[in-house]
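The NAD(+) binding site feature in Swiss-Prot is assigned to G221, S222, A223, A224, A225, G226; the stated evidence is sequence analysis. Residues or ranges marked as active site by Swiss-Prot on the basis of sequence analysis: E244, C278.
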Amino acid sequence: MSGGLFIDGVWRAGAGAQATSVDPTTGEVIWRQATASTAEVAAAVEAARKAFPAWADRSREERIAVLRRYKDVLVARTGTFAEALSRETGKALWETKAELGSMAGKVEASIKAYDERTGEHANDMAFGRAVLRHRAHGVMAVLGPFNFPGHLPNGHIVPALLAGDTVVFKPSEETPLAGQLLVEALEEAGVPAGVINLVQGGREVGQALIDQEIDGLLFTGSAAAGAFFRRHFADRPDVILALELGGNNPLVVWDAGDPEAVAALIVQSAFITTGQRCSCARRLIVSDDAAGRAVIDAVAALSERLVIGPWNGGQEPFMGPLISDRAAAMALAGAKAMPGQTLRAMTSVDGLSRAFVSPGLVDVTGETVPDEELFAPLLQVRRVGSFEEAIAAANATRYGLSAGLVSNETAHWDRFLTRIRAGVVNWNRPTTGAAGTMPFGGLGNSGNHRPSAYYAADYCAYPVASFEAENVTNTLGDIKGLRA
């Protein structure tokens, strides 16, 4: 490999500015390459356009065979790939190994979803048959995030390739190495030249990509970026947009019993991945009584026990660093500006890099808090007087990605399920729960009604209805109002 770009089956050095990727745990530079120029972005899209007809014409079985080889490559490379992800993101090795498992598992889940949701179905008709088929859109641009730099773009790329689309992939500028390793695995699996292309860079490269004649944009990231893309493509109804955005996710605890058991679910909802999951709980809503206070105390106590440290340190951590020193500085500033009573302060962590922060807990009861996603381990607590107030507080957001209820009362769950506005709703499970066999997406500022995961098949192909008779028959008698 002689460069950080992969265009038309060839690795090449970029003509843009130099870029680096830094291990947030140590500050060490672990990747250094030149980014893509506008001309190279255009070349990547042209390569994908040129490769599209032949790839789309391949049989389903041929495309499946390539993707199953890709799965095998991922399995074989799990150890080295997971370590690279841990170095680039700071995430614990148990997390990055799980991420590799999800990437490999995506292949079979996508095959099943494609056949179930976008396969071919026929019905007999008096004249012959009516057939539903699905066709690939063409060239898909995939913009990846930093928090799951393998799994989340993989969740777009695999179903797109399976459907017959070709792809130009731009990873997050925070995690270029992860994107490179993903494309290397596809290359080893035998994906034909031009079917997958990789361009590296920041916002200017992303802008150059969406300015091209693409057929779809598959994006995972912030609500602000999603709003920008909607405006950008307002006059391009031909471009399929699949936007998986953030959340200001509520977790309601009501009549839940053991505070320690409840606290374990809350911590796994709010502080896993150092709060850098779009489905992390940001708002904890509890009863304003002794039971609610016991839950709050249990969360604060359990938070003190969480191991915060490097992925390759002496003790396995629950939390690693945030993605960068800059992200940590923004998180600390956001925590400081949060109104209310600080129950556990978010702070820097002594003896570790500036990217490490501790989990924070703030009681915001009675306060007006901006409806924003703070991508960090900071949990707001709000105490309310009734379960109906709890549901109202949970729904008091423009977002609608994930929500959860912790309760031993089935009646509460039934009520919560019918009233909550979210695309992922969990009962006595962390808000971060998801599965490749289910859709994943949200309402409001959290998406555009094109959920990913199992429903990714829907936005990777479009339906074609055909009405077919094998022979020409004389239908003259069917014409009404015909002169003799």
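First residue shown is number 1, and so on along the chain.
Any Cβ shown, glycine's included, is placed from N, Cα and C.
The shown structure was predicted, so the numbers you read here are calculated from the model rather than taken from an experiment.
If you draw a 10 Å sphere around the CB of G221 (NAD(+) binding site), it holds 22 other CB atoms from the protein chains shown.
DSSP classifies E244 (active site) as strand under the three-state reduction. Same-chain residues at least 6 positions away in sequence with a Cβ under 8 Å from that of A223 (NAD(+) binding site) are, in sequence order, L245, G246, E373, Y399, N445, S446. Look at A223 (NAD(+) binding site): DSSP puts it in a helix. A 10 Å cutoff on Cβ-Cβ distances gives S222 (NAD(+) binding site) a total of 16 other Cβ atoms nearby, all chains included. The secondary structure of C278 (active site), as reduced to three states from DSSP, is coil rather than helix or strand.
Using C278 (active site) as the reference Cα, a 10 A cut-off selects E244 from the recorded positions A224, A225, G226, E244. Here E244 (active site) is positioned 8 angstrom away from S222 (NAD(+) binding site), judged by their C-alpha atoms.
Listed in sequence order, the residues of the same chain lying 6 or more apart from E244 (active site) and placing their CB within less than 8 Å of its CB are L152, F219, T220, G221, C278, F440, G441, G447, P451, S452.
Its Cβ taken as reference, A224 (NAD(+) binding site) is surrounded by 12 other Cβ atoms within 10 Å in the chains shown. Same-chain neighbours of the NAD(+) site beyond G221, S222, A223, A224, A225, G226, judged by a C-beta within 8 angstroms of the site's C-beta center, are, in sequence order, A227, F228, L243, L245, G246.
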